[in-house]
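Feature annotations, reproduced from TrEMBL:
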- GLY15, ARG76, SER77, GLY106, ASP107, GLY108, SER109: ATP binding site (BINDING)
- ARG25, SER26, VAL27, VAL28, ARG29, ARG159, GLY190, ALA191, GLU192, LYS218, THR219, SER220: ADP binding site (BINDING)
- ASP107: Mg(2+) binding site (BINDING)
- ASP132: active site, proton acceptor (ACT_SITE)
Amino acid sequence: MGKAIKKLAVLTSGGDSPGMNAAIRSVVRTCAYHDIECVGVYRGYEGLIEGDFKAMDARSVKGIINKGGTILKSARSKEFRTEEGRKKAFKQLTDANIDGLVVVGGDGSFTGALIFNQEFDFPVMGIPGTIDNDIYGTSHTLGFDTALNTVVDAIDKIRDTASSHNRLFFIEVMGRDVGHIALNTGIAGGAEEILIPEEDLGLDRLVESLNKSRKSGKTSSIVIVAEGDKIGKNIFELKDYVDDNMEGYDVRVSVLGHMQRGGAPSCFDRVLASRMGVKAVESLLEGETNYMVGLLNNSVELTPLDKAIKGKSKINLELLRVSDIMST
Ligand code: ATP
């Protein structure tokens, strides 16, 4: 057991995601509840190195639970990747009498937190904040549910225009390494095909499947493409290939891009962020360190940071089968 914790810091790092503000609010209010001081660190590890801190009390986080982005700002810090940079960060924390750090971010941010702990024996706790849901040790990362709703809303709108013009739309969604967003929104949006990094459908089978659905009477089609899909062509090359090898459709592309990261967090993400913040602070107070809080079987549990970093977040194979059956 380390020394008693009297003051904690919280920062947001890496790509922002809806729900980060709700997590900051939860960390700050849990500290207030336990009579612990709390400090917000601006711009992730960059602000940690520079000592860009702000004392936060329970009232300072009013009106943010419903806001996307992060009031503490996020950043990627090259300097924190160096020992010199991390030494500066440690000095800033000790000069401010801070006893522990909550990091809201993705696996890169957790890697930084773990290295920092190993070098300075400084207590750290991670909260998974990324829309991609690509972190081991939690069924949901903060922002994933909101991003799903944003994407489904966009698919519904695109479907309106697709069916009015007999169009085939390729819609690109985020997901370089994992297809969680594509798979879930593809099912919810009634996509004919879903291309994900975990599965190589191949161009011939894609065209075959689209032809089949057109012959079965469909007048419009939507294909959801994860950024990192395995076919190995970018979405515009995919469109050209299908244009050249299929008749009967006007083929279009829509890249949803950064809109997927923004917007008011869903009810699910607000509740999840509130639960994760409580667990992160209370675990630090109990003397735990080097863990990530995550949702497992609807319970907020701790997973060692090294496991969360190294582990693979796997797609649900049952969903793949459901999507196949639904596109019949
Ligand atoms: P996202 O999933 O949105 O990309 P992330 O947390 O994985 O979020 P990264 O850019 O990979 O985002 O990492 C955020 C920051 O964490 C980096 O800018 C860097 O400051 C720190 N970091 C990442 N890897 C390391 C490392 N190996 N050593 C020290 N710090 C690191």
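Glycine is no exception: its Cβ is also placed from the backbone N, Cα and C atoms.
Note that the structure is a prediction, hence the values are computed from the model and not measured.
Annotated features, which come from TrEMBL, shown on the structure.
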| residue | record | Cβ contacts under 8 Å, 6 or more apart |
| --- | --- | --- |
| VAL27 | ADP binding site | LEU8, VAL10, CYS38, VAL102, ILE127, GLY277, ALA280, VAL281 |
| ARG29 | ADP binding site | ALA58, VAL61, GLY277 |
| ARG76 | ATP binding site | SER13, GLY14, GLY44, GLU46, GLY108 |
| SER77 | ATP binding site | SER13, ARG43, GLY44, TYR45, GLU46, LEU48, ILE49, GLY85, GLY112 |
| GLY106 | ATP binding site | SER13, GLY14, GLY15, PRO128, GLY129, THR130, ASP132, ASP134, ILE135, THR141 |
| ASP107 | ATP binding site | ASP134, ILE135, ALA308, ILE309 |
| SER109 | ATP binding site | SER13, GLY14, GLY44, TYR45, VAL103, GLY126 |
| GLU192 | ADP binding site | SER209, LEU210, SER213, LYS218, SER221, ILE222, VAL223, SER327 |
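In this structure, SER77, SER109 are the binding-site residues from ARG25, VAL27, SER77, SER109 whose C-beta falls under 6 Å of some atom of ligand 1. As a whole number, the greatest separation of Cα atoms within the ATP-binding residue list GLY15, ARG76, SER77, GLY106, ASP107, GLY108, SER109 is 14 Å.
For the ADP site listed in the record, the two most distant Cα atoms among ARG25, SER26, VAL27, VAL28, ARG29, ARG159, GLY190, ALA191, GLU192, LYS218, THR219, SER220 lie 53 Å apart. Counting every protein chain shown, 14 other Cβ atoms lie within 10 Å of the Cβ of GLY190 (ADP binding site). For the binding-site residues GLY15, GLY108, the largest tally of other C-beta atoms within 10 A is found at GLY15. Mapped onto three states, the DSSP output places ASP107 (ATP binding site) in helix. For the recorded ATP site, residues GLY15, ARG76, SER77, GLY106, ASP107, GLY108, SER109 set the reference point as the centre of their Cβ atoms, and the other residues of that chain within 8 Å of it by Cβ are SER13, GLY14, GLY44, GLY105, GLY112. Take the CB of ARG25 (ADP binding site) and look out to 10 A: across all protein chains shown you find 25 other CB atoms. In this view, the densest Cβ surroundings among the recorded positions ASP132, THR219 belong to ASP132, judged by other Cβ atoms lying within 10 Å.
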